[in-house]
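Q: Quick one: this structure, given as C-alpha cells, is what I'll be asking you about.
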Ligand SMILES: Nc1ccn([C@@H]2O[C@H](COP(=O)(O)OP(=O)(O)OP(=O)(O)O)[C@@H](O)[C@H]2O)c(=O)n1
Ligand SMILES: C[C@](O)(CO)[C@H](O)COP(=O)(O)O
C-alpha cells in the first residue's frame, strides 16, 4: 500500500457553473460525479486512505453513498477545505484532486507517484500554445504554464505552508511561497476543469444520467391551537385557530418536505431542522421548504410532481385549493399542473374527526437533472 492519502475536494458551491445542479452532484448514469470520480481514482493506485471533502450541508447525504471513504466537512474556500482534510492525513504524502477535474487519466497519477521524492510538490502543467497578452502586451508564452490538479505534496511541507492567512489558489503556490521545492510534470488536456458547464462536452467518457424516477412519501399531523394564525401550504387561512408546533405549524409544507427528502434518499425534516433548535421556533415553513428545494436541485434532481391528501374535518379546504396549489408550485419551482391536492374528512372518526387537528400525506416524484441535453 502506498504511503499516500488521496483527498478529493468536493465542497465547492459551483457558483460559476451554469447548470441547476452543483457539478459534484451531476449524475453519471446513477452515480453522482463525486462518487464516479473518486471510485475511478481509487482504481488508479493503492492509496492508503481516501478522503472526500464535502460541503457541510451535504456531508450527511454523501455518507449515504459509500462506506469506503472518509468524509470531512470542507470550509468556505478551497484552501480551508484542504486544511480541514489535512487534519485527517497521517501519511508522508498527500495527493489533492479537484472533483471538478473529472477526466484525469491514470497516466498523470502514476507519473506524480513516480516523482514523489523529487520535490515538496509535484504538479501537472500544460504549456500554452496560443499567443498570450498580459495588460495589452505580448509576453513570452514559454514562461506561461497552466497548473492542474491532482498535485502530490509532502504532507509536512503542505501543512507548514498552509499555516497562513494568505489564500492560494492551489497547493503548489502555497508550498512555493514557503520556499518549498516544486517539480512540474506534463499535465493532460483530459484533466480539463469543469467551471462554467460547457467543459462537459470535452469529457465524452461521462455517461448521461439514468432515466430513473424516484418516489418519496411524506406525512405530518398537527393539533389545533386557539387564537393562532393558520398557515397551510404557505398561505394564511381565514380561521380563528392555527396549529400547535415549534415552527409556524404548516403541516402541509412539512409533509411536502418529507416527501421530497424521501424521494432523494436524504432522511427527514428533523435531520435538517431539529425541533429542539431555537432558531426554528415560530419559523415560516416556506423558508424551510425553500432550503430543501435548493438542496434537491443542488444534489442533482428535478421535481416531477407532487400529490397531496389533506385529511381535515375542519377547516374547509376546497375554497383554498387553487391558492395552495399556486403557492406550492411556486415554492417547488414547478408548474401548477404538477401539484395535485385532494382533501377528505375523517368521517367524524378519531381525533381528526373530532376536529382536533389536521394530517397531510404527500407523494413526490423526482428525476435526475439531465445535464447532457442543455
Ligand atoms: N470551499 C471550497 C471551494 C472549492 N472546493 C473544491 O475545489 C475545487 C476547485 O474549485 P472550483 O472549480 O472553483 O469549484 P467551486 O468552488 O465549486 O466553483 P465556483 O468557484 O464556481 O463556486 C472543486 O473541486 C471544489 O469542489 C472545495 O472543496 N471547497
Ligand atoms: C487548483 C486549480 O485547479 C489549479 O489550476 C485552480 O487554481 C482552482 O481554481 P478555482 O478558482 O478554485 O477554480
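Placement of Cβ uses the backbone N, Cα and C atoms for every residue, glycine included.
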Q: The divalent metal cation site in TrEMBL lists 220, 222. Which one of 254, 320 belongs there according to the record?
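A: Given 220, 222 bind divalent metal cation in TrEMBL, the matching entry from 254, 320 is 254.
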Q: Could you check which of the recorded positions 16, 141, 246, 274, 346, 354 have their CB within less than 6 A of ligand 1?
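A: What lies within reach of ligand 1, judged by Cβ under 6 Å, is 16.
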Q: Tell me the Cβ contacts of residue 23 (site 'Transition state stabilizer') under 8 Å, same chain only and six or more apart in sequence, or just say none.
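A: The list for residue 23 (site 'Transition state stabilizer') reads 12, 14, 17, 33, 99, 100, 194, 197, given in order along the sequence.
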Q: Given the binding-site residues 220, 277, 346, 354, state which is nearest to residue 16 (site 'Transition state stabilizer') when distance is taken between Cα atoms.
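A: Its closest listed neighbour, by Cα, is 277.
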Q: Determine, from DSSP, whether residue 274 (4-CDP-2-C-methyl-D-erythritol 2-phosphate binding site) sits in helix, strand or coil.
A: coil
Q: Using a 10 Å radius around each Cβ and counting other Cβ atoms from all shown chains, which of the binding-site residues 220, 277 yields the largest count?
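A: That would be 220, with the highest Cβ count within 10 Å.
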